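Trainee: So TrEMBL lists these for the protein:
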type	residues	note
DOMAIN	1-381	domain 'Aminoacyl-transfer RNA synthetases class-II family profile'
BINDING	72, 73, 74, 99, 115, 119, 293, 297, 298	L-histidine binding site
């Protein structure tokens, strides 16, 4: 089907490498794994995703429940907490989600794709879990070595305050958010036009919004907004800015608010992405008032990570966000019969987009990807030695060593060695007539052709203890 794809062995090897790095980070931060069904009740998903809700895959009624395919992993997690009466949990979840979207495979956007989520649920002191989620994003993107990245941070309460003092009614908050969220893809003039002509805002209100949502910076911007005579009088905005100030203090302690580049001396552009691209000294984490994220359930801090495209990135077009998340304190209460709330904050790693980037990087480098983890090939140089190969490979398997052999009775040695080179197998265990007579096995390093003879009856595992070093 359009927007889906089969995964070749080389793709799966890269994918498993990425998953392993992400899961290792999640476990390092103390998360436990859960899983939920791919199917959810239709009523569970509807009304949680703003304008994106039209992309939910609804399933035709078959005489039973009205069902839909899960759109993300956050809403199912909230439903899971409420159903099981869980009030404190740190979890990760890696699974497929489904969106009836227009696929853009060159940007890693599919209708069926994996998400990698990390969430912290429970009543805790402000901004400590939020800071950890941002630390996780920083760790994963740094470890994967995808290039420069920028993590944009904002707070829904600050946006509420900005829109309120600019004259936007509460009924238009979500639709206005969806317009503002397009500022990373569209110029301000187009966003302003959409807010006026499509969302029904007055030109004056749109202009006032523009004065705020084009601001970005760090702790100094937070202090500036706290002194803003209008914004400081708004209760929600003041709360959001206070928490944002605390968040940046924690991020500084985590050591992730440093600069990414030195200034080249040009006139500084407005967009944070361009500031990095052109060599300006900017933080890896930026307070950006244009970040809105179009999901209904966010209530506080929101964030999004984007890669900074370079000329040699071998990308046909920008890949967009590679991670995002935020705080959603009211979502669990929607599924609790008594409306009991469980505060939550989480992050989702855009693994499909990251995979598309890594795939291009590998292709551009010409690097060959190993699709198996085989450590040794059992080979024979002479005919009629199938029995000896089978006995040896069985002992290797029993010792926990990853081993292969060719499925021929009498394969030529050159063909067996060529198979090792083609597949990247590092060692060959050669057993010929002389080796059988002497009671030894000849181990050969494929790349250097260095050989060592080991006693056949020596414990096999002992001989392979230093395999990785070899």
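Cβ coordinates are placed from backbone N, Cα and C, and glycine is handled just like the others.
All TrEMBL annotations are machine predictions without curation.
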Trainee: I want to check the contact list for residue 293 (L-histidine binding site): same chain, sequence separation of six or more, C-beta distance under 8 angstroms. What comes out?
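Mentor: Residue 293 (L-histidine binding site) has long-range Cβ partners 177, 181, 302, 304, 324, 326.
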Trainee: Pick out which of the binding-site residues 74, 115 has the most other Cβ atoms within 10 Å of its own Cβ.
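Mentor: Most Cβ neighbours within 10 Å: 74.
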Trainee: Over all shown protein chains, what is the count of other CB atoms within 10 A of the CB belonging to residue 298 (L-histidine binding site)?
Mentor: 25
Trainee: I want to check the contact list for residue 72 (L-histidine binding site): same chain, sequence separation of six or more, C-beta distance under 8 angstroms. What comes out?
Mentor: 49, 97, 115, 117, 348
